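Below you'll find the structure, written out as structure tokens, and then a few comments.
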Amino acid sequence: MKPLIALVGRPNVGKSTLFNRILRQKSAIVDSTPGVTRDRHIMPGEWQGKQFLLMDTGGYCAANDVISSSMIEQTLTAIRDADCVIFLTDVRSGLTYDDLEISKLLQRTFQNKQIFFAVNKVESPQLTIDAESFVSTGFTRPYFLSAKDGSGVADMLDDILESLPESEHTDDDEDTSVKLAVVGRPNVGKSSFVNALLGTNRHIVSDIPGTTRDAIDSRFIRKQQEYVLIDTAGLRKRTKIDAGVEFYSSLRTEKAIERCQVAVVLLDARAGLEKQDLKIINMAEERKKGVLLLVNKWDLIEKDSKTSKIYEDDLRSHMGNLSWIPVLFISALTKKNLYRAIDTAEEISRNRSRKISTSSLNRFLEEALSAVHPSTKSGKELKIKYMTQIDSHWPVFAFFCNNPELVQSNFRKFLEKKLREQFQLDGVPISLRFMEK
């Protein structure tokens with residue numbers, strides 16, 4: 001296992017900026033608004049040939065609102081999980097009550113944990129002098145640094161990695177995990193869904209929309225298959241996106257879909273399918289990802305034996321050409337159909353990478369052409385000679401014909417429907433390409 005380093009501190013001291021500086025990428029959301037990183041976020045890093053995991057946490061503060069209490073609990077969990085801790089403060093705002101509370105907590109409760117005390121935003125000689133007063137926290141060897149320009153960070157990393165055990169190297173060149181992006185509008189139950197699967201309070205969960213702003217990876221194994229769940233902030237309507245945090249969160253949703261094999265799109269059963277849900281689904285379809293639609297909070301719906309059929313028919317009437325997407329009714333609260341959802345997602349992943357022999361495809365083509373003959377266009381007849389599958393990350397089929405311009409949309413839809421039925425391609429977009437031969 002790679003050693004785990006946790007970044008802790010009160011809100012807005014620059015933890016996410018330091019996180020990005022160490023990893024040399026814009027992974028955690030960075031904003032001047034206090035408390036922007038509200039959950040734990042773990043990413044792999046490397047320094048001087050040594051590998052580690054870096055965890056960015058929500059800010060620890062003494063406020064008594066529900067979100068602050070959850071952030072405190074998450075920070076404590078992060079400290080317990082970590083091999084060592086970077087305790088970050090801000091020289092520009094000076095030592096605060098929350099800084100001193102964190103200092104006491106670390107020295108009393110976690111005295112056996114390696115703590116690296118850092119003072120951030122030390123970017124001038126005067127600020128260096130000001131930073132000297134931070135020894136009153138009880139940490140006698142503070143690191144003066146600037147996460148923004150990188151000064152002092154290398155020295156701290158040298159000492160941290162020197163103190164940690166070597167990571168165990170494993171051969172993970174061939175990643176066989178199934179990557180699932182858990183996406184949807186705010187407050188549809190994405191984090192509750194992930195927590196129910198993992199059996200742990202891994203994410204902050206409350207009824208306040210947007211309590212998960214960053215995308216966070218969690219791994220678990222089911223039936224000897226490893227899964228990576230990428231939980232994201234909900235994608236909001238543009239009118240609700242603030243300049244700053246919500247923009248980055250929406251971008252994170254898009255990036256999560258880019259990384260995944262299957263986009264698991266959650267709906268709130270009470271709200272039904274909205275334009276924003278279709279936007280997320282279309283985003284996944286355009287990127288040629290598998291898609292699974294989960295109608296969450298089904299336990300809150302009054303129903304009889306026909307309710308799910310009526311509900312699904314209504315959904316599909318609004319989905320247009322996306323009828324190939326499987327729909328499941330779940331409850332993250334009662335765990336109804338949770339594992340069925342994972343099994344279906346795994347099946348979709350297999351469908352997406354399915355390879356079909358050319359001989360099987362041409363037998364299919366022969367049967368399809370005998371059932372429906374392509375209509376003529378401008379007096380010209382479409383003649384398809386053969387077909388094959390093109391090597392790609394999703395199913396792409398090439399049809400070699402006399403003139404691609406003669407292919408009409410209804411015939412294209414017919415072939416796509418029959419391909420799905422014949423070769424088990426539910427849940428994945430497929431591409432048909434007609435080429436002149």
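Don't overthink the numbers, they just go from 1 along the chain as shown.
Note: Cβ is positioned from N, Cα and C throughout, glycine not excepted.
Annotation comment: Swiss-Prot describes 3-168 as domain 'EngA-type G 1'.
DSSP gives Val122 (GTP 1 binding site) a coil state; it is part of no helix or strand. Non-local contacts of Val122 (GTP 1 binding site) by the CB criterion (under 8 A, 6+ apart in sequence, same chain) comprise Val91, Thr128, Ala131, Phe144, Leu145, Ser146, Ser151, Gly152. For 9-16, 56-60, 120-123, the entry in Swiss-Prot reads GTP 1 binding site.
Marked as domain 'EngA-type G 2' by Swiss-Prot: 178-353.
Taken from Swiss-Prot, the feature GTP 2 binding site covers 184-191, 231-235, 296-299, and the record attributes it to sequence analysis. Take the CB of Gly184 (GTP 2 binding site) and look out to 10 A: across all protein chains shown you find 28 other CB atoms.
Residues or ranges marked as domain 'KH-like' in Swiss-Prot (evidence: sequence analysis): 354-437. A mean pLDDT of 92 is what the model gives for the domain 'KH-like' (354-437).
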If you count Cβ atoms within 10 Å of the Cβ of Lys15 (GTP 1 binding site), leaving out that atom itself, what do you get?
27
When the Cα of Asn12 (GTP 1 binding site) is compared with the Cα of each of the binding-site residues Gly184, Asn187, Trp298, which one is closest?
Asn187
Per DSSP, to which secondary structure element type does Lys190 (GTP 2 binding site) belong, with helix, strand and coil as the options?
helix
Quick check on the binding-site residues Thr57, Asn187, Trp298: which one has the highest count of other Cβ atoms within 10 Å of its Cβ?
Thr57
Roughly how many Å lie between the Cα atoms of Asn187 (GTP 2 binding site) and Gly9 (GTP 1 binding site), rounded to a whole value?
27
